[in-house]
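Peer 1: Could you have a look at this structure, given as structure tokens, before my questions?
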Amino acid sequence: MFSPWRQKVPEKDMQDPGWYNRTLDWEDTLAGGSLIGIGSVSIVLYIVVMKIMRRQDKDIVGYRFLISAGFSDILLLFNYGVWPGLTILFKSEIIPVAARHWVQLYLDWAWFSMVWHYAIVGWSRWSAIRTPHSFRCQRRRASYALCGCCYFIALVEVLATHFQPWYVTFYYEPSSYGMLAEDFALYLSGGQSAMFLAYHLAAIIPPIIFYTWSLVLLINRRRTAIKTNTHIHMVHNHIESRLLLPCVINMIVFIVGQVVITMGTGEGKWAGCLVMLVFCTNSALNPILLLLCSETIRIQKQLSTFLLKEHRELQLVLSHSIFRKQLLVVMGIRRSSFSHPEKCTSTIYRNPITTTRSKDETMQSPLMGVEIRLSRSPSSNSEPSTHV
């Protein structure tokens, strides 16, 4: 059902020996060009998005898991977009026949690495909503170590199965615009198809549970916030839901794509091309969804000079007293509260949503996810200064 290369058309009906002796026609150019174009553009876009997330992963822990998933998606965009497109345009398998098995091992490793990332990304979204404080305190090394487990588990899977006598190798067949099996009957009856189904089910069930649980938590918190008229929870829900949305949509697209391939994509060479396009679409959709759903990524250049720096607490010394007062007014703090000429220190933290004006008074800051704490400095003879 969920096998990534299952086709119901026998390979003998897909091959066209005379195709290699003919020049490229408009169908060949369209199929190869579209695969290369979609794969190349998506890879470039993904690299840009990953670079933006990499700059912010010290503060936004969830980006670390999306970066790792993006690496596996880039591999798939090349494997099922650029590579098959080149085989069509060059009318060549490119690799020797003896290397098919090792290429298949690499392709399966990249594929299962992507599949297992659905579980780890789903867990990260659930953890960010269920236990936000402990999740924000997670070390970068620990986050990427968890992501590395996806690649390690995938490697163990392919090494444990690829050398079995029942394992069937798939290869790029340019005349079919896709991939074919060396022994399709053995693939269906030997257990490999059932193995793919079991692996995919085991990898896709956990994210479904995590996303469902996360949505329930967000809904319950929103109801509580409405009843108690608490704006902090509503803002928090909005931020987390935006991070959750692209992950949920991509998982749904993945499941739908596998169902479409299982039900059949028709006959002929365009059926093989459609399978490759389904795989490309599944990976190419991620950077687009992140750009559409994550406002932080879209405005990263503006925020990088203010909030998102190498440290969780960013401090800039503003010596000009007029600019300091204007900054406090913009942040929702009344000027009259700090008319006394004593020296004040204002420290801005990224994570909380409240503004502390004094020991007993707290107000919501207009800035998203910002806490402003003002305290009097020990010395009152120097000029006022503000640390942001």
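Cβ atoms are placed via backbone N, Cα and C, with glycine included.
Sharing the record's features from TrEMBL:
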- 30-49: transmembrane segment (TRANSMEM)
- 61-83: transmembrane segment (TRANSMEM)
- 103-121: transmembrane segment (TRANSMEM)
- 142-163: transmembrane segment (TRANSMEM)
- 196-219: transmembrane segment (TRANSMEM)
- 243-263: transmembrane segment (TRANSMEM)
- 269-292: transmembrane segment (TRANSMEM)
Peer 1: Taking contact to mean 3 or more CB pairs closer than 8 A (sequence separation of 6 or more), are the transmembrane segment (196-219) and the transmembrane segment (103-121) in contact?
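Peer 2: Since 3 or more Cβ pairs under 8 Å link them, the transmembrane segment (196-219) and the transmembrane segment (103-121) do come into contact.
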Peer 1: Check for me, if you would, whether the transmembrane segment (142-163) reaches the transmembrane segment (30-49) - at least 3 Cβ pairs under 8 Å, residues 6 or more apart in sequence.
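Peer 2: Taking Cβ pairs at least 6 residues apart, the transmembrane segment (30-49) and the transmembrane segment (142-163) are not in contact, as fewer than 3 fall under 8 Å.
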Peer 1: Could you give the residue numbers and ranges of same-chain residues that sit at least 6 residues beyond the transmembrane segment (103-121) on either side and whose C-beta is under 8 angstroms from one of its C-beta atoms?
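Peer 2: Non-local partners: 4, 65-66, 68-69, 72-73, 75-76, 79, 95, 146-147, 149-151, 153-155, 157-159, 162, 169-171, 199-200, 203-204, 206-207, 210, 247, 251, 254, 283.
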